[in-house]
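Enquirer: Annotation source TrEMBL lists domain 'TRAP C4-dicarboxylate transport system permease DctM subunit' at 9-158. The transmembrane segment annotation in TrEMBL covers 12-32, 52-70, 82-103, 138-162.
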Amino acid sequence: WTMIKEAGYTTFRITGMVMWIMISAYCFKAVFTGIGGPALARDFIGGLEISPIAVILMMQLSYMFLGCFLEEMAIMMITLPVYVPIVVSLGFSPLWFGVVFIVNMQMAYLTPPFGFCLFYMKGVAPPDVTMGDIYRSIIPFIPLQLTVVLLVVFFPQLALWLPKLIS
């Protein structure tokens, strides 16, 4: 029973932390949208003298950074009200941007220090496998995921061919 009690306590603590992040992200989204933040951000980015693809790459870098520390739903709640109007104003497909976001979040699930997937792997790994072993084992996957993100960014048809085929 002690183990079940500890597991329950840990689960509630982590769930509570994630819920507070989600509540904060929702409040941020509501206030930011309410004060006209998306239009302001869109107009600001539109006034800069940089290429649209550079803006997308900066967004992806921010996703990679945030993915190291936050859960994907919190990242969505915080960034999408800001980023989607910018993406649309730059002439990109929101569907394509969503695919790029998901691929980037796959990579975030592997990146330390809070790569959730790493903790899942530790939970099913044999007892002699350390977290250090797991951290080292993901090294080849990060460049592969980054390559996929860049391919989808530079070749949007990779993400859009199937939806175009269906419609």
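Backbone N, Cα and C atoms are what each Cβ position is placed from, and that goes for glycine too.
What you see is a predicted model, and the numbers here were worked out from it, not measured in a lab.
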Enquirer: Let me know the model's mean pLDDT on the domain 'TRAP C4-dicarboxylate transport system permease DctM subunit' (9-158).
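Expert: That region's mean pLDDT is 86.
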Enquirer: Pull the DSSP breakdown for the domain 'TRAP C4-dicarboxylate transport system permease DctM subunit' (9-158) and write it out as helix, strand, coil residue counts.
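Expert: Computed counts for the domain 'TRAP C4-dicarboxylate transport system permease DctM subunit' (9-158) are 118 helix, 0 strand, 32 coil.
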